[in-house]
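Enquirer: Please read through the structure below; I'll follow up with questions.
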2 protein chains.
Amino acid sequence: MAFKSIVLTSSLLLLVSITFYAIKFLHYSEVQKLENVYWGPGEPKQDDPEVRPFRIDLKENVLKDIHHRLNLSRPQIPPLEDTETQYGYSGKIMEEVMDFLKTEYNFKEQQKFLNTFPQFVTEVQGLKIHFLHVKPNVTDDVEVFPILMLHGWPSSVREYYGMIPEMVNPADGRKFVFEIVAPSLPGFGYSDAPSKKDCQGPEMALIFKNLMEKLGHRKFYVHGSDWGAVIGTHLSTLYPHQVIGFHSNFCISLANKSIFKILVGMVFPSLIFPEEFQHKWYPPMDTLRFFFSEAAYLLLQATKPDTIGVSLDQSLQGLIAFMFDKMSVGTDKDFVRFKDGGLPLKYNYTILFDNLIFYYWVPQKATTAARLYSQNLNYKIFQRGFYNNPVDKSVPCGCTVFAKEFLYFPEEVLRDTYRNLIHFTTHKDGGHFAGLEMPDVLVKDLLSFVEKTLPKTRRYF
Amino acid sequence: MAFKSIVLTSSLLLLVSITFYAIKFLHYSEVQKLENVYWGPGEPKQDDPEVRPFRIDLKENVLKDIHHRLNLSRPQIPPLEDTETQYGYSGKIMEEVMDFLKTEYNFKEQQKFLNTFPQFVTEVQGLKIHFLHVKPNVTDDVEVFPILMLHGWPSSVREYYGMIPEMVNPADGRKFVFEIVAPSLPGFGYSDAPSKKDCQGPEMALIFKNLMEKLGHRKFYVHGSDWGAVIGTHLSTLYPHQVIGFHSNFCISLANKSIFKILVGMVFPSLIFPEEFQHKWYPPMDTLRFFFSEAAYLLLQATKPDTIGVSLDQSLQGLIAFMFDKMSVGTDKDFVRFKDGGLPLKYNYTILFDNLIFYYWVPQKATTAARLYSQNLNYKIFQRGFYNNPVDKSVPCGCTVFAKEFLYFPEEVLRDTYRNLIHFTTHKDGGHFAGLEMPDVLVKDLLSFVEKTLPKTRRYF
């Protein structure tokens, strides 16, 4: 029949073209090469070759200004009746945390503590980059592996303070330790912000590869959390022969293949997600509702970093509310049901204020940190294809999944990006800021990953 | 053929069910009745029956605090090289506007000016409501029509100061004037904020109907802009026999029928949009990109009003950046290409600061104003069906469309909600804040609308 033939022919044509586009879509992209762009202000200049010691120095007038601002507070707006923090980090909690900052937080003591690890600054591609550089003091029979540790937003190198001691000191029976390089991302903490547009994830990866080379490390491990994980993944993709192993507590795969799988999983969850993690994506309407409830900060930083930056850089209270809101939700999304936003259940406020005061407020970096979103969450970054590049099989990768992490990618999906995934662990507790919340657990996982890479690693050293 | 029959039968079934759902979907909803909810704190109390005079009173210590904060400013972060305000209201402009506020804005003079119109407060449903109440001084042969004028965000009653003189004074040949009631929305300016959840648009409409009745007006005109237009539309839908006519410079129709038409128009623009307005929706990707670039403030206020509220209520600079950013884009979306955000092209800063300082900063209303979004932009408001209620045919409606208004609904789509649309004008200039930007043009349009309603209106008075 003519009708039947038309239906059959067009179905066949449709099938062929879908297959064609699917194959093209699912295929990995080519890895592009990056130039050594100059990110400083104005015309390119030669980098200062020196690596200079650095100490956090909270000036008396800045401290005075902080105390002044704390006492300048206007009355706080109480939350709507019968709500806790469903509408955000309300005036009720702000009173408590401001009170803590006024009366309990010891600025001088905390500065002393933050200066316990050796810190340095050096210029890379026109930017002064700040980093902790902690070398172990060990005997000859202990191996020392360099590791680059990359933080995210709204975090800082403070995230790694709880992990460092265990990593640089040889434990009973462990025959390796780390030489730690933990930099502040460009635009964060005590690192300069790029003055020019389009310093995206891959560009930051190049900056850190250059930093490691300047410090004499051609080969090194990488650990990353949050944006640091994204940048660390780009680094592993771009320079696989320099990464001994990549480890992260925020492994995501945005390869086309993975996006396809996640979409399939949203309709047929059991095909993609293990039983115990189906609730992370399913039902899709709940996932979408959670995204829309919590992603406004991300959209704002992605589109208007300079606008929200004025609030955050000029108002200590604005910065606290904005960041503590995200830390609360990131630690456990059910914390909105708690009057105090739940943070005291997992942290002492001192650790949270160390991060906020010393790496965002004092160096005034909220605007430039927010720009990381505007530079990285746009059409261009997907068009460039970096998310569709897998990490070379030569790089062993390890992912640890904490129970309350808001994003979840199944092991099989992660393999689209981390093709040599030799380590995948899940935990029954812990959230997005695992380095702050449970450093011991994260260190243990990192060490266990490194153990697995040793047979190959030993060839380098 | 069996195959052919299956195809035909299933196509037919599909068609029938689509038609069925379409008819159900496109059908108007039933108008629900509202209760007189008590919105004050705690247990319900009787409203104070008095209407008390009110004057803005900027206390010496508040003014001192403002000047103190102006001098407290930290350095501003310069925008990225080769950008203007594409990433938001940058530090460069903030320096200029802060400087204007420090040296040129005359707080005392402006307070005097804002107090030129008589103002009152009275309790409605547990909330103290603030309003301008301007009565004309006229001879017997001039008719006086009461009108309720509703502002939106980030505006205030200041929006109507430029329109009032022309409206209360009889012009040559015009035989009618207005008695103006312009209230501050609940949670804005000098009106109390609801202490309880779910004070949505229809609930605010009831509050204002009650206010008008308390002032002795059972029948009145309504004019609204921005959220005030939404609330005014609800009022016209709920109480059509009390609205003599509804006029707005922000007419939108979110009836199911209209949403369907807009979707069709995005694929076949010429079916729905007049040639000269197709660029407002088409190509759809540009519309979507504009939405995502500019709607983060809306999503943030809809989900975390208390979080962003801390920034805006505690930081004068944060408030300025956040609101001026939106006023710039709302006035003309191409203003992002201007170094100064374009505002000086259309306004003097004094008018913008009148609005911001006296109706948001001084009464500390940024958090409670932001909550309007959280209470109105949610699933519940659509579920309640109010947007799918048309205004009764007995209410004449008038819409004026300014050229740079960011939303555009064609006349035929607006008729889904405003079924008795007797007046529809378009202008070659002007943006979202027409009452501030070109009050003369807006007044002229409003008067011309009212002229058209007179044959029917005269029966009431």
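The backbone N, Cα and C atoms fix where each Cβ goes, glycine too.
What TrEMBL lists as domain 'Epoxide hydrolase N-terminal' is A:51-159. For A:Asp226, the entry in TrEMBL reads active site, nucleophile. What TrEMBL records for A:Tyr373 is active site, proton donor. If you look up TrEMBL, you'll see A:His432 marked as active site, proton acceptor.
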Enquirer: So if I draw a 10 Å sphere around the Cβ of A:Tyr373 (active site, proton donor), how many other Cβ atoms end up inside it?
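Expert: Within a 10 Å radius of the Cβ of A:Tyr373 (active site, proton donor) lie 21 other Cβ atoms.
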Enquirer: Under 8 Å Cβ to Cβ from A:Asp226 (active site, nucleophile), same chain, six or more residues apart: give me those in sequence order, or none if nothing qualifies.
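Expert: Long-range Cβ contacts: A:His151, A:Gly152, A:Trp153, A:Ser155, A:Phe250, A:His432.
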Enquirer: Please report the number of other Cβ atoms within 10 Å of the Cβ of the residue listed as 'active site, proton acceptor'.
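Expert: A count of 25.
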Enquirer: According to DSSP, does the residue listed as 'active site, proton donor' fall in a helix, a strand, or coil?
Expert: helix
Enquirer: Can you check what DSSP calls A:His432 (active site, proton acceptor), collapsed to helix, strand or coil?
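Expert: A:His432 (active site, proton acceptor) sits in coil per DSSP, no helix or strand.
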Enquirer: I'd like the per-state residue tally for the domain 'Epoxide hydrolase N-terminal' (A:51-159) from DSSP, helix first, then strand, then coil.
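Expert: Grouping H, G, I as helix and E, B as strand yields 37 helix, 26 strand, 46 coil.
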